[in-house]
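See structure below.
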């Protein structure tokens with residue numbers, strides 16, 4: 001098996017609205033301190049809450065790093081758990097961003113499918129992380145909220161044919177600290193990589209037998 005390092009890119013968002021400190025970026029910085037083990041080359045980025053920046057930044061991350069996986073992390077004021085999003089949606093973007101901008105088409109990619117699911121089985125990731133006794137509650141959702149989070153996720157899913165993930169975190173202290181959220185991200189991303197490895201092995205076995 002190839003021993004070269006696997007590349008993973010994880011993004012958090014910058015401040016917006018009442019979120020003057022965005023828990024997602026705090027959590028991603030904590031993850032960066034922890035790392036994902038010696039075999040994974042981890043790159044982290046803070047994404048401004050602006051549609052047009054997302055449209056240029058997300059493709060550039062895929063192009064620059066050719067990552068095995070890109071994980072986007074965002075904050076949800078309504079969340080009380082760390083939430084794994086199963087899919088991104090193309091339409092319904094009416095909320096203005098930090099630049100008071102909203103796409104005229106109100107969609108991510110004109111002509112793209114309405115919904116794109118991640119190739120990662122989020123239910124399975126949720127079960128595995130919950131069973132590991134992390135002390136942070138994890139749940140699964142299929143509505144990433146039709147704002148910059150959902151917009152970023154769909155864009156990444158479209159570019160990667162589903163090899164992306166999105167994780168919503170609650171605001172800091174409600175109830176988790178930045179360190180707690182960083183540990184949760186570490187456990188979740190490691191499980192995602194494990195599942196991708198297993199899927200890859202299955203494909204190799206099938207090719208071997210045919």
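Any Cβ shown, glycine's included, is placed from N, Cα and C.
Pulled from TrEMBL:
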ACT_SITE  85  active site
ACT_SITE  149  active site
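Every protein chain considered, the tally of other Cβ atoms within 10 Å of the Cβ of residue 85 (active site) stands at 25. Counting only same-chain residues six or more apart in sequence, the Cβ atoms lying under 8 angstroms from the Cβ of residue 149 (active site) belong to 13, 72, 74, 76, 85, 166, 168.
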